[in-house]
Amino acid sequence: MENLLVQGLSGLATASSLFLVASGLTVIFGVTRIVNFAHGSLYMLGAYLSWTLVTQLPRGHLGFWGGVALAALIVGVVGVLIEVLLLRRIYKAPELFQLLATFGVVLIVQDVALLIWGPQDLLGPRAPGLRGATMVLGVRFPLYELFLIAVGPVVLALLWLLFNRTRWGTLVRAATADREMVGALGVNQRALFTTVFFLGSVLAGLGGALQIPRESVNLQMDLVVIVEAFVVVVVGGLGSLPGAFLAALLIGELQAFGILIFPRITLVLAFLVMAVVLVIRPHGLLGRAPSTAHAAAAPEPPYLPASPWRRWAGLGLLLLAVIVPPFLGDYALIVFTEIAIMMLFAASLHFIMGPGGMASFGHAAYFGFGAYGAALLVRHFAAPMELGLLAAPFMAGLGGLVFGFFCVRLSGVYAAMLTLAFAQIAWSTAFQWVEMTGGDNGILGVWPSAWAQSKLVFYYLSLALCVGAVMLLRRAIFAPFGYALRAGRDSPLRAEAIGMDGFRIRWFAFILAAVAAGIAGGLFAYSKGSVFPTYMSISRSVDGLLMVLLGGVKTVSGPIAGALAYTWLHEQLMRAFDLWRLFLGIIILALVLFFPQGLAGALGRREGRS
Amino acid sequence: MLDVTDLHAHYGRAHILQGVTLRAGEGEVLALLGRNGAGKSTTMKSIMGLLRPTSGAVRFRGEDIAGREPFEIARRGIGYVPEERRIFTELSVLENLEVGRMPAREGLAPWTAERVFALFPSLGAMRKRPGGRMSGGEQQMLTIGRTLMGNPRLILLDEPSEGLAPVIIERMAEAILALKREGLTVLLSEQNLHFARLVSDRACVLEKGAIRWEGRMEALMADEAARAQYLTV
C-alpha cells in the first residue's frame, strides 16, 4: 500500500515535469504549426545552463531559484534567435521541411553542449529549503518531488489565465485559427509568433532547469525528452493545454505503476497508450480536427519521367557502380554497399511520403523487421542467407500490413506520430524481449552464405537487389496504381467520388514500402553480420527522412540523390571531425534555407533554366 | 482617400487583375460590381496586401501602400471585411471584437464593443457566445463590427449580402448608411445590384480584371445596355 502511494506521488511529479515541456511544445505548435524537434534541446540547454548558474552563483535561495529563472530566460532568448534566424524564413515551407530544420538545430545544440559542458554526466545541487523529506499520509516523500507536483497545476492555471484573460492570449488563440485574418486586422503576426516562441522556449528551459536536483544532466536528455513530449502532446491533442496536462498525468502515472506491474514492457507502455488513443480518437484526447480552410497548399507538381540528361546521368552512375568496385579496398566496398542499401531504404520511404503523401516518422521499423526477420531465422533455425533474405521482406510486409492498417487512416502530424509510436513499440520489443532477440546485445553471426562471403560479391548482390527494387517502386509510381495513389493524395474526396478506395490504395502502398524497406534491412543485417535494436531506432527513421528531404520529395530521383549524398557526407564527417553533428546540422540548415526543393529539385531547376 | 492606378495581380500564372484603376473620395460609398470571377475579391485582397500586386499603385491618403504587409495597411486605417467572414469560431463575440481593436485614430470617435452593439443590437445579446455558434447573418455583423474596432477610415466590404435573408440584408444596408453618415469611406463589392443601389453613391463595373464602366449609381440604373453587358447573367 505504501509502495503504491509513493509510486503514485512520483508519477505525479513526473507528470508535472512532462507537462512543462509538453505545454511549450503544444503552445508553439498551436500557433506556428511547427513540430519543433529542437524543443528537447531547449530543455537540455535549460538543464545545463541552470547547472552552471546554480553552481556559480552564491549558495542559498537567491542563487538557486535565481539561477533556475535566469536559465529559463536565457533559453527563451535562444528560442527567439532560432525563430527569428531560421523558422521565420520557412513558415510557408512543407511541414517536414520545418521538421528537418529543427532537427538540424538538435544536432548543432548537441555538439555545442558537448563543447561547453563535456561528455560527463553532471550532478546538480539540491534545492535549498526542499532538501529533506516529509510525511505524506504516513509515508516519507521527498519535499522537492512534492514541490514539482505543485508546479504542473500552477503553470497550467497561469497559462490558462494568460490565454483566456489577456489581449495577448486572445490574439494568440485567434492566430491559431486564422493567421492571415489576424494580420488583416492590424496585428503583426510575426512579432506575435516570436513572443509565442519565447514563451514556449522559456517553458522548455524551466522544465530542464527544475530537473537538476532530481537527475543528472547529460547529452542524451534532448531526444529522450522530445520523444516523451511528443507522446504527451499527441495523446492530449495537438495545441490543447488541458489535453497535454491530462496526457502528462496519464503517462506519468503509467510509467510509475508500469514498473511495478509490467516491469518487462515499461518502454512500450507510453507508445502503446499513444497508439490506442490515436486509433480511437484520431486527434488526441482533447484535440480538434485541424481547420484546413485557409491552409490550401500549392498544388503538387506532377512527377515527370526522367529527362534524357537525368537518364544518362543515372545510367552513368550505375555503370560506375558496376565497374569501379573491383578496384576498391574493403572499406570502400562496405561504404558502397551501405549506400546501395540506403538508396533502397530512402526510395521506399519516399514511396509513401511523395506519391502517398503520408509522412512516416517510423520507417526504420520495417527496415528493422527485415533485419530481424532474417536474423531470427539464423539464430533460432540456423537458416541460410537465401532463406533469410526471403524472410526479410515477408516479415517487414507483415509489419506494414498490421501497422499500416491503422496509420493510413490518419493524416498529417497525427499519422506521422502513429508511425513513430509503432516504430517505438517495435524497437522496445526488440530491446526488452531478450530471450527472443538478445535485447541490447543483438543477434550476432548473421553472415552471408559461403558464395557471397567476399565483400565484392556481397556488394554486387546488394546492388542488384536494391537497384531492382528501386526500379520496381519507380515503375509503380508511373503505373495506374501510382496515379490512383497520387489522386488520393491531392484530392481525397474527388478520388473517392470517382470510385477509388483510398484506404485500400494507401494501405497497399504502405505495405509495398514496408516490403522494400525490409529487403534493405535484410541486406543490411548480412552486410554487418549482426542485428541490433538501434536498426529500428528513431535516429534511423530520421536518417531516412533526411535522405528523402535532402534529395527532394517532389522528384522520383530525389531519394537516390539524397541517400548518396547523406550516406557519403555522414561517413566523411564522422571520419574527419569529432564534431560531425555540428557540421551536419549546419549543412542541413544551409540546405533548408537555400535549397528548399532538395538536391534533385535544385538540379531540376538548373536543367529547366538551361 | 483611396486611389488605385493600373493595378495588376496574378494567382500563380493566372493574370487576374489586368490594370484596375479606381478612386474613392472621402465619405463616399463606392460599389465595385461585376459577375462572378470578374476580379472583385482579388481587387480587395490586393488593396489589403493579402495578395501582392505584380504592378501598379495603391495610394491611401497620398501614400503608396502597394506591396506592404496586411497588418501595416490595416494600421494605416484600412479595414477589411472578407467575403467568407472568417470569424474566429472558438472565440466569443467579445473576444472577436477584441482581436480587431486598434488605438483610436485622430478625428474619429473611437469604436468600442458597446458602440458595435448599438449598431448591431442582436450581437449585444450574445456577448459570450462562441463565433462558431452564430447564424450567418450574426456572423456577418460580427465580422463588420470586428473590423470597425480597428477605427478604419476606409472599409473594404466584400459581398456582405451574400447568403443572407432579405430582412437581414435591409438591416445591413441601414448599418452601412449609418457608417457613411459618420464619414467612413466604403468600397463595397457586390453582386446584388438591389443592395448596392440602396447604399452606394457611385459604381465601378469590373469585367475580366479591368474597370469597364464607371459613374453615378443612378446613371448605371438608367443604362440598361451597360447592365446587360456587364452584370446580367
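Indices start at 1 and increase along the chain as displayed.
Just so it is clear, glycine is given a Cβ too, placed from its N, Cα and C backbone atoms.
Pulled from TrEMBL, these are the features on record:
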type: TRANSMEM; residues: A:12-35; note: transmembrane segment
type: TRANSMEM; residues: A:64-87; note: transmembrane segment
type: TRANSMEM; residues: A:99-118; note: transmembrane segment
type: TRANSMEM; residues: A:143-163; note: transmembrane segment
type: TRANSMEM; residues: A:223-251; note: transmembrane segment
type: TRANSMEM; residues: A:257-280; note: transmembrane segment
type: TRANSMEM; residues: A:312-328; note: transmembrane segment
type: TRANSMEM; residues: A:388-406; note: transmembrane segment
type: TRANSMEM; residues: A:457-485; note: transmembrane segment
type: TRANSMEM; residues: A:505-526; note: transmembrane segment
type: TRANSMEM; residues: A:546-569; note: transmembrane segment
type: TRANSMEM; residues: A:581-603; note: transmembrane segment
Report yes or no: does the transmembrane segment (A:99-118) come within contact of the transmembrane segment (A:143-163), defined as 3 or more CB pairs under 8 Å with a sequence separation of 6 or more?
no
What parts of the chain pack near the transmembrane segment (A:312-328), using Cβ distances under 8 Å and only residues at least 6 beyond its ends?
306, 336, 340, 456, 459-460, 463, 467, 557, 560
Rank A:223-251, A:388-406, A:546-569 by Cβ pairs under 8 Å to the transmembrane segment (A:12-35) and hand me the top one.
A:223-251
Proximity of the transmembrane segment (A:257-280) to the transmembrane segment (A:223-251), 3+ C-beta pairs under 8 angstroms:
yes
Ranking A:64-87, A:223-251, A:505-526 by Cβ pairs under 8 Å to the transmembrane segment (A:143-163), which is first?
A:223-251
